[in-house]
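Per Swiss-Prot, these features apply:
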type	residues	note
BINDING	126-181	ATP binding site
BINDING	Asp248, Glu261	Mg(2+) 1 binding site
BINDING	Glu261, Asn263	Mg(2+) 2 binding site
DOMAIN	99-294	domain 'ATP-grasp'
Amino acid sequence: MKIGVIMGGISSEREISLQSGKSIIENINKEKYEVLPIVIDKKEDIINKSKGIDFALLALHGQFGEDGTVQSVLQTLGIPYSGCGPLSSAMCMDKDVSKSVLEANGIRTAPWINLRKGDNIDFNKINELGYPVVVKPTHGGSSVATFIVKEEKEIENCVSEAFKWDSEVMIEKFIKGDEITCPVYNNKMLPVIAIKPKAEFFDFTSKYQDGGAEEIVVELEAELHKEVEKMALETYKALKCEVYSRVDMIVTEEGVPYILEINTLPGMTKNSLIPKSAAALNIGFSELIDMIIQDSLKISR
């Protein structure tokens, strides 16, 4: 079977995607699969470079990769691919939409407002959220252009900076607590990982620099584990995820979990969280890649 490992892309997360692709190529079972690296430099590459492959193993992150666009193209070309479908990918990439779906399903997430380019900033609504707030691109990833804002005078600059990366910007109540990530694979939660960043929050540097954060598999207290698992699985289901995704949460000092966001194509670098979680179940990286390929092939699209 000829596997195209699709990486690169045109988003702000291109370099991380290339790292994910490289790690996958290094660890995939080459006795079982013929592997073709496919680097996307421009949008039409997904059509021109995917010809002749039997399966697309997606290592893309961010817009045009994680937002359902590439998934739709591959589906149109009749090429099976890894992970979530177009609708789920698009919903999870758009934090305003995903949070609206969560809220409609009674799943706890921080209150927020969403701005489009040209909208006036409603400072009264921001005051209702209460400072500090988080300002970030609505369709962003890897915490690029994400700011914790503690007072009103900082808002305009941070919103302007976030708009450099996206056509929409989210302003969300900052929830103080411990960040955890909950990988979900085929409707089952894998071991939870606690994230203790050296910075104020789990920013770009913390995520991708060696030693930027301490990431450890944790055993949560029984009641909290039960609630976290319920929320992770309900989120996976509500947003129509398939095969695997990563549900990120924040747990307050009082032990109340909130959904932060959902990653439909989580990182697959040596520092990445899903391989760490799978390793806690004695599932090696090569085996995990094989599972993702085989389970994705079972989906009828």
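Glycine residues also receive a Cβ, built from the backbone N, Cα and C atoms like all the rest.
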Practice problem: Please report how many Å separate the Cα atom of Asn263 (Mg(2+) 2 binding site) from that of Asp248 (Mg(2+) 1 binding site), as a whole number. | Solution: 8
Quiz item: Rounded to a whole number, how many Å is the Cα of Glu154 (ATP binding site) away from the Cα of Asp248 (Mg(2+) 1 binding site)?
Solution: 27
Quiz item: What Cα-Cα separation, expressed in whole Å, is found between Asp248 (Mg(2+) 1 binding site) and Ile126 (ATP binding site)?
Solution: 24
Exercise. Just jot down the residues in the same chain as Gly140 (ATP binding site), at least 6 apart in sequence, with C-beta under 8 A of its C-beta; none if empty.
Key: Ser12, Gly62, Thr146, Ala162, Trp165, Asp166
Exercise. Determine, to the nearest whole angstrom, how far the Cα atom of Glu261 (Mg(2+) 1 binding site) is from the Cα atom of Ile126 (ATP binding site).
Key: 20
Practice problem: Tally every other Cβ atom lying within 10 Å of the Cβ atom of Ile126 (ATP binding site). | Solution: 18
Self-check item: binding-site residues compared (Val133, Ile175) - the one with the fewest other Cβ atoms within 10 Å
Solution: Ile175
Practice problem: Have a look around Phe147 (ATP binding site) and count the other CB atoms within 10 A of its CB, chains all included. | Solution: 21
Exercise. In three-state terms from DSSP, label Glu154 (ATP binding site) for me.
Key: helix
